[in-house]
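Asker: Okay, these came from TrEMBL:
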- H60: active site, proton acceptor (ACT_SITE)
- D61, V64, G66, D68, S70, E82: Ca(2+) 1 binding site (BINDING)
- P154: substrate binding site (BINDING)
- H184: heme b binding site (BINDING)
- T185, D234, T237, D242: Ca(2+) 2 binding site (BINDING)
- C29-C108: disulfide bond (DISULFID)
- C62-C67: disulfide bond (DISULFID)
- C114-C310: disulfide bond (DISULFID)
- C191-C223: disulfide bond (DISULFID)
- 1-18: signal peptide (SIGNAL)
- R56: site 'Transition state stabilizer' (SITE)
Amino acid sequence: MKIIFVLYFTILLPLALAQLKVGFYKTSCPRAESIVKAAVQKRFNTEKSITAALLRMHFHDCFVRGCDASILIDSTNKSRSEKESGPNLTVRGYELIDEAKKALEKVCPSKVSCADIITLATRDSVVLAGGPSYDVPTGRRDGRVSNINEVNLPGPSLSVSQAFQSFKDKGLTMDDMVTLLGGHTVGVAHCSFFSGRLTNFQGRGKPDPSMDAGLVTTLKRICGNGSNPTAFLDQGTSFSFDNEYYRQIRAKKGVMKIDQELADDRLSSGIVSRFASNANLFRTRFAQAMVKMGNIQVLVGNAGEIRKNCRVINSK
């Protein structure tokens, strides 16, 4: 019986993913992608950092229950949602998704899922920051569950092999992981995520020896005011989506521990070197990896629902 179930599952999974397709809303909501794009453009015009925010939201959503927009659901008196978990307390961009959803509901009520809005908006923001343009397969459905206790995301202090286990569990390769972390080229991090590297690293009374001394000085100055500010993860071209992040970490200028370890660990250093020297390769692989991540445990067909309000599960 167990063997039959496994075979059944492995046959169904690719069939489910096959129901995602480019242009899914061509008939049901022809303006869907342009409406999302307009909302992202409006926000990007006043806040370039929205690219990093949406990349983080998309990643955090897909790594918990799959890409089903469960990260958007608000807590209720009866249950605490994913939003309240530690890793998600600094996730932002929710109001942009709300704006796009509101515009879509006026034109195409109950047609476009919140999960697809996140995926499309993330792609559009990457393009606006100078990153690759790529087709996004759509047709995802929205989940009806969001549980704070299910959030278990790879943290910035993990080793490469430890972080990779989380990616592997989602069907992603080491190359995919190194590629997706390249999104840090437009990212920021609160000082609390890396301050331990600046002074008393591992109780030794000195900064992390794997961090460039000049970067240590810069980050100490940024983090010195005590209000847990943010620092750019790419100290070179902070708002441009390019391969500078990989050049930086090869020069010992990785801000978070996992960033630097990508360049130093033999499991990932070769991939980092290739991306650092070949911007077009990184752009191509990033587009491929984003599409692959966007396929993680998606709900399709009659599974889930199309939420009317991305923050609230539809009433039965």
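Just so you know, glycine gets a Cβ as well, placed from its N, Cα and C.
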Asker: Measuring Cα to Cα, how many angstrom lie between T185 (Ca(2+) 2 binding site) and C62 (disulfide bond)?
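Answerer: Just about 20 Å between their Cα atoms.
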Asker: From the Cα of T237 (Ca(2+) 2 binding site) across to the Cα of C67 (disulfide bond), what is the distance in angstrom?
Answerer: 29
Asker: Just name the winner among S70, T237 (the binding-site residues) by count of other CB atoms within 10 A of its CB.
Answerer: S70
Asker: Drop a 10 Å sphere on every Cβ of the recorded positions C29, C62, V64, C114, C223 and tell me which sphere holds the fewest other Cβ atoms.
Answerer: C29
Asker: For D68 (Ca(2+) 1 binding site), just count the other CB atoms lying within 10 A of its CB, please.
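Answerer: I get 29 for this one.
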Asker: Just to confirm: which same-chain residues, 6+ apart in sequence, have a Cβ under 8 Å from the Cβ of E82 (Ca(2+) 1 binding site)?
Answerer: H60, V64, S70, I71, I73, N88, S146, N147, I148, E150, V151
Asker: Show, in sequence order, which residues other than D61, V64, G66, D68, S70, E82 on the same chain lie with their Cβ within 8 Å of the centre of the Cβ atoms of the Ca(2+) 1 site.
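Answerer: Apart from the listed residues, the neighbours are H60, C62, F63, R65, C67, A69, I71, G143, S146.
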Asker: Looking at the recorded positions listed here (C29, D68, C191, C223, C310), whose Cα lies nearest to that of C62 (disulfide bond)?
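Answerer: For C62 (disulfide bond), the closest Cα among C29, D68, C191, C223, C310 is found at D68.
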Asker: Name the one residue among C29, C223, T237 whose Cα is closest in three-dimensional space to that of P154 (substrate binding site); these are the recorded positions.
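Answerer: Among C29, C223, T237, C223.
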Asker: Counting distance between Cα atoms, which of the recorded positions R56, G66, D68, C191, C223 is nearest C310 (disulfide bond)?
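Answerer: Nearest by Cα distance to C310 (disulfide bond): D68.
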Asker: For the Ca(2+) 2 site (T185, D234, T237, D242), what does the 8 A shell look like? I mean other same-chain residues with CB within 8 A of the CB centroid.
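Answerer: Residues close to the Ca(2+) 2 site, other than T185, D234, T237, D242: V186, G236, S238, S240, F241, N243, E244, Y245, Q248.
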Asker: List the Cα distance (Å, whole number) between D234 (Ca(2+) 2 binding site) and H184 (heme b binding site).
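Answerer: Answer for this pair: 7 Å between alpha carbons.
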Asker: What same-chain residues, at least 6 away in sequence, bring their CB to under 8 Å of the CB of C108 (disulfide bond)?
Answerer: Y25, S28, C29, R31, A32
